[in-house]
Amino acid sequence: MKLRVSAYREAAISMGELNGAEYIEVPSPRANNAKKVSLLPLIFLIFYEVSGGPFGVEDTVHAAGPLFALLGFLIFPLIWSVPEALITAEMGTMFPENGGYVVWVSSALGPYWGFQQGWMKWLSGVIDNALYPVMFLDYLKSAIPALGGGLPRILAVLALTLVLTYMNYRGLTIVGWVAVSLGILSILPFVVMGLISIPKLKPARWLVADVHSIDWNLYLNTLFWNLNYWDSISTLAGEVHNPKKTLPKALFYAVILVVLSYFFPLLIGTGAVPLDRDSWTDGYFSDIAKILGGVWLRCWVQGAAAVSNMGMFMAEMSSDSFQLLGMAERGMLPEFFAKRSRHGTPLIGILFSASGVILLSWLSFQEIVAAENFLYCFGMILEFIAFVWLRIKYPNATRPFKIPGGTIGAVLLCIPPAILIGVVLAFSSIKVMVVSLVAVAIGLVLQPCLKFIEKKRWLKFSISSDLPDITSHGPLLH
């Protein structure tokens with residue numbers, strides 16, 4: 001289906017003002033009332049999309065010991081995080097709109113595969129978001145045992161989800177600056193813990209390793225989960241102030257912030273406390289804080305974990321809901337998904353994402369991580385193909401941020417993370433594999449069903465006239 005182009009844009013093309021893939025800045029009436037996100041809030045939104053601090057990295061020590069845990073958070077970012085962040089910077093500035101990676105894949109492989117990308121990434125994002133109420137309560141249950149299970153835990157999950165969903169409803173600018181505040185609060189106790197731990201550090205503890213006792217499935221899944229989702233910020237590109245310059249800068253600073261927020265707390269925890277691998281599970285940093293500083297420091301770390309999970313929840317929900325809005329603006333979903341609240345937020349997308357979180361929050365931490373990683377891997381394969389294909393098919397299209405090295409460099413950049421995807425998928429359990437493949441199959445059928453509904457006019461679908469043409473014959477890619 002040919003995408004419509006606004007009259008303003010057509011006039012610009014006829015006068016030759018559109019050079020290659022240039023985006024013309026056309027104000028959208030739906031977004032006029034919403035303030036754009038600036039650099040600092042964007043850095044912390046990315047930080048919370050990917051990390052949120054060291055909460056959740058404990059299982060790497062449990063699975064592989066201190067040495068492999070530390071090496072993992074140094075080597076893994078080079079293999080996975082840096083390539084993904086670079087691709088996000090190039091593609092996100094080439095297509096600065098809320099569809100994000102859905103638009104990338106659609107422009108390269110067509111709308112059918114663009115929808116599959118959107119389905120898998122949205123589903124993995126909702127599954128990911130179901131983790132944060134679980135992690136929030138896991139850190140608090142040592143202080144409030146009643147939150148360990150039963151009705152109090154269920155009510156706490158519902159209350160937390162509703163409060164954070166309301167904050168997303170109020171606007172992305174609020175979420176961005178809240179993310180900055182929560183980021184500082186979640187990192188600060190580990191700075192204090194590091195200072196306290198200096199006299200107790202024993203470097204020999206960092207070198208402990210036993211290759212024969214490594215749980216590779218848990219180790220790789222935990223590393224992968226803690227260092228992915230860099231591309232999620234692309235679904236907010238349409239809400240960013242001057243995304244062509246702001247997005248690459250924010251990704252650069254966020255990569256540094258994320259790696260440091262993982263590596264130094266692990267140095268502290270593994271170097272200052274005698275090793276007990278069985279104790280290194282979700283929530284163990286609060287116990288380390290008590291050992292090093294006392295009850296007051298444990299309470300501070302538990303509070304930091306709580307606000308960190310709040311930040312991750314809000315950032316992820318923002319990306320998920322704006323992705324649905326972006327898909328609706330491209331005609332992939334019914335028009336009602338594109339409706340904004342008076343705060344400029346996608347109300348229907350927020351409600352859909354919150355419902356998914358509530359439905360999935362009963363799963364365990366390890367089950368959620370494994371399931372979302374499997375779906376996320378499929379989505380990343382489509383992204384890599386789209387990235388390379390656009391480099392081959394449209395080498396001269398304007399790219400405000402372009403990774404050097406040409407087409408060969410683009411291919412080489414994708415090889416290490418593609419191999420890693422294969423390894424992660426190979427270590428998946430049969431249960432996770434079956435559930436994930438069923439979810440993928442639903443997406444394969446869902447898109448034709450929506451096209452049938454559109455053809456029968458049972459629901460209204462439309463394409464925003466403010467968006468540029470991304471079809472192969474359109475001016476954007478030429």
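Including glycine, each Cβ sits where the backbone N, Cα and C put it.
Caution: TrEMBL annotation is automatic and unverified by curators.
Taken from TrEMBL, the feature transmembrane segment applies to 37-57, 63-82, 94-113, 151-169, 175-196, 251-275, 347-365, 371-392, 404-427, 433-453.
As a quick check, the transmembrane segment (37-57) and the transmembrane segment (404-427) miss the bar of 3 or more Cβ pairs under 8 A, pairs 6 or more apart, so the two do not touch.
Stretch with the most C-beta contacts under 8 angstroms to the transmembrane segment (175-196), considering only 151-169, 251-275, 371-392: 251-275.
Sequence-distant contacts of the transmembrane segment (94-113) (same chain, at least 6 residues past either end, Cβ-Cβ under 8 Å): 1, 21, 23, 121, 231-240, 243-244, 247, 319, 322-323, 325-327, 329-330, 332, 379, 382-383, 385-387, 389-390, 393, 397-400, 447, 467, 470-471, 476-477.
Comparison of 63-82, 151-169, 404-427, 433-453 by number of C-beta pairs under 8 angstroms to the transmembrane segment (251-275) places 63-82 first. Same-chain residues lying 6 or more positions outside the transmembrane segment (63-82) and placing a CB less than 8 Å from one of its CB atoms are 50, 57, 205-210, 213-216, 218-219, 222-224, 226-228, 230, 255, 258-259, 262-263, 266-267, 270-271, 275, 277, 416-417, 420. Sequence-distant neighbours of the transmembrane segment (433-453) (same chain, 6+ residues past either end, Cβ-Cβ under 8 Å): 112, 115-116, 119-120, 123, 332-334, 371, 374-375, 378, 425, 459, 461.
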